[in-house]
Structures are given as structure tokens and as C-alpha cells.
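Asker: Per Swiss-Prot, the feature phosphoenolpyruvate binding site maps to Lys22, Asn23; the stated evidence is sequence analysis. Residues or ranges marked as UDP-N-acetyl-alpha-D-glucosamine binding site by Swiss-Prot on the basis of sequence analysis: Arg93, Asp307, Ile329. Swiss-Prot lists Cys117 with the feature active site, proton donor. What Swiss-Prot records for Cys117 is 2-(S-cysteinyl)pyruvic acid O-phosphothioketal.
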Amino acid sequence: MDKLIIQGGTRISGEIRISGSKNSGLPILAACLLADSPMDICNLPHLNDITTMLALLRCMGVGVTINEKMCVEVDPTTLTDTEAPYELVKTMRASILVLGPTLAKYGKADVSFPGGCAIGSRPVDIHLSGLEAMGAEIAVEGGYIRARAPNGLKGAHFVMDKVTVGGTENLLMAAVLAKGKTVLENAAREPEIVDLADCLVAMGAKIGGIGTDRLEIEGVERLHGCTYTVMPDRIETGTYLVAAAATGGSVKLRDTRADILTAVLQKLEEAGAELEIGESTISLDMHGKRPKAVNLRTAPYPAFPTDMQSQFTAMNAVAEGTGAVTETIFENRLVQVNELNRMGANIKLEGNTALIQGVPRLKGAPVMASDLRASASLVIAGMVADGETVVDRIYHIDRGYECIEEKLQQLGVNIRRVPG
């Protein structure tokens, strides 16, 4: 397995471009299955998860080509199979997103139970009960979800037991081709869901309440292809901002948006960062200062995102003062704490809260990534540590960050990848 080797002690400085959003690109690629003509999807990041989703579409018989504009052309009209096999699904949870659109368009879908990061239980019960409310017959056997709706799906009023991003996406994609009106209550409001909904509307879907927790969908008979540009990655944006803040440095990020990161930017200002917001840029400057510790609690959007918790935990480890970080979304999301403590951090766990007493510097050490965002926190920790840090099992980081070592090198970080 590849490793990242980081020589700590450099203040970040420079300018980089932010990639397209993985968490938006994956459901939008799944939504291509709903169209009856080709789709052009632009600004997709070059990431393992995106590659896996494209491989899954190809496995189903869908035509996938990269055009001269570096957009991915997806032709769903060549689909030959409504099964998503275990071999592809096991590596990525987002594979479950083909369930709703495949069932809605073709009346049947067989999707293996998904894999992905080891950050706690992410059950798909809400996906399944929502589809059943829309008239689907669902059996779970042999590790597969087997869904049938031979007469098509029917509109329904469905209240989700808890806020679920994947569940909202799956049910939204199923509802756009269902007969009649569907109302989804307690829907997730994440910007990636807004992006998916905007793409579906561009394909001819009728969706009301976009960006709220109540989505109203009037089913249509068909959806057409379109050209759509995926939104910037707000978590990648936040990660590089935190890296600059933790190192006392400065950074300018291009091709991003501040309006989808309000809670994160607020916490960075609390930490002492000076921010400058442009139309598609965000600049941060710490003026060489050590960050101040911040308290935060993760919650569904528009509150503080769970995907940014690990990075702020790493920043708090070298901040002035004491910060409390409470994780309410995923139960195993504080696993990076043990690795940070091995680097000299002073972090105590109390249930789902990390109490972090900042220290001036960490010490380089060999550490191991356990999930995508925890691995990003260890890279940040390596930047603020004395000496060399070796981050192992970085296949996690390659699932969510495009060219991370190249981008950090552009910002002056002494980092290199060593093949396993």
C-alpha cells in the first residue's frame, strides 16, 4: 500500500484550484440512469470512488466515454443489466445510489449491500422503506437487495425517521419517474442534494422545495439528457483552509464557493483566521499566528459537517487553549484520536466528545489512516509536527482527495508519496 511521507514545520502558502465534489458527482452519475438520452457530466474529480461508479455503470451496460472537454459522457440507452454486483459495490457505499433510479426506470434492481469507510453503521433501512412506500416489493437475500416494481413506482408521502443524505438522494431519484406526487419529509438539505436536484430539473424533473427539508416531486414520464457541471467540493475546500490555519499559513482557493461552507468558515474565524471571500475564491491568512481552540458539534446541514470534524480535531491539537469536539452523526468518527495522541496530542475521549488541550507542536510518527477524513487529519497533523510523519493506508485519502500531495506541494509542504 502507498504511504505519504511528510516533513513537518512548513507554513502553508500559495494558491490551488478546488476539484469537483465527489459527494455530488456520485449521485449525479447514478441519476444518469434515469435519462433516455446521453448525459455530459463536467467537473468530476479524478478519484477512486468516481472511477468505481463509472465501472459500475459500464458493468450495467451503460456507455461511458471521456470527451474532448474532459467531461464524462454517459449513455444510459445501452443498459443491459439492472444488477450492481458485489465485486464493485463492496468498495464503495455510494453504489447503493443506483437502486432508486434503476428501479424507477426499469421496474427492477438487484444491488449488493455496500462497503466503503469503516465509520459506524450506515443502515439503508430508510432507503428501502421509502421505496416500499412507493409500491416497490423488496427482498433481501444472499447479500443483495432485490427490488421489484413491475407496474412502476407510485407517488407517496414519506417521512424519514432521521436525516439521511443517501436516503434522500435515492428516494428523490426514484420519485422523479413515479406516477403522481411524492412528498419527502425530514429530507437532508446538504448542498450536494441541491446539486443533484438541480441536475434532475435540468433533465426535466419537477421538484419543489429544493434546499428545504420538504421535497415535493411531481413524477414525469421521461427525463432527457443534459450537460451538467458538478459543484465544487466543500469538504476539500474546508480541508485546505484548516491545513493553512493549523500551520499558521495562508492560502487562496479557486473555483469554490463560500455559501456552502458557512458553519466551517465561522469556526475558522473563531480560530483567528482572516478570511476574504470572492465570487469563486476563498482566501485565508493566519499571519503566522497559532490558531485558537474552538468548540464544535457536528449535525446535519446547515450545521457543522461531520466530514470536517477530523480536520478541526487536528487543528485543535496544536491550538491555544482547550476545545471540545462532539460527533453526533457517526459513532466511530473519533478513531483518529489515538493516532494524534501518539504524535503528542493531549486528547481525552468522553463518549462521543473529544476534549482537546492544545500543545505547541506535535511530534512526527508513523500513523495509520482508518477512514477518508481521519486520514486527512493525520496529514494535517504531519504538517504541524516536528520531524517526519509517515501516513499508511492512504487508499482512504485517494477516495476523497484529488492529487492531495501535488496540491500540498504547490502550497510548499514537504510531502511525497511512496509506493507500497
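Each residue, glycine too, has its Cβ placed from N, Cα and C.
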Asker: Among the binding-site residues Lys22, Arg93, point out the residue whose Cβ has the most other Cβ atoms within 10 Å, with all shown protein chains included in the count.
Answerer: Lys22
Asker: Fill in the CA-CA distance, Asp307 (UDP-N-acetyl-alpha-D-glucosamine binding site) to Asn23 (phosphoenolpyruvate binding site), as an integer in Å.
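Answerer: If we compare the Cα positions of Asp307 (UDP-N-acetyl-alpha-D-glucosamine binding site) and Asn23 (phosphoenolpyruvate binding site), the gap is 11 Å.
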Asker: Would you mind checking how many other C-beta atoms are within 10 angstroms of the C-beta on Asn23 (phosphoenolpyruvate binding site)?
Answerer: 24
Asker: What same-chain residues, at least 6 away in sequence, bring their CB to under 8 Å of the CB of Ile329 (UDP-N-acetyl-alpha-D-glucosamine binding site)?
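Answerer: Residues satisfying the criterion: Thr298, Ala299, Pro300, Thr306.
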Asker: Provide the three-state secondary structure of Ile329 (UDP-N-acetyl-alpha-D-glucosamine binding site) computed with DSSP.
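Answerer: SS state of Ile329 (UDP-N-acetyl-alpha-D-glucosamine binding site) = coil.
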Asker: State the Cα to Cα distance, in Å, between Lys22 (phosphoenolpyruvate binding site) and Arg93 (UDP-N-acetyl-alpha-D-glucosamine binding site), rounded to an integer.
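Answerer: On Cα coordinates alone, these residues lie 13 Å apart.
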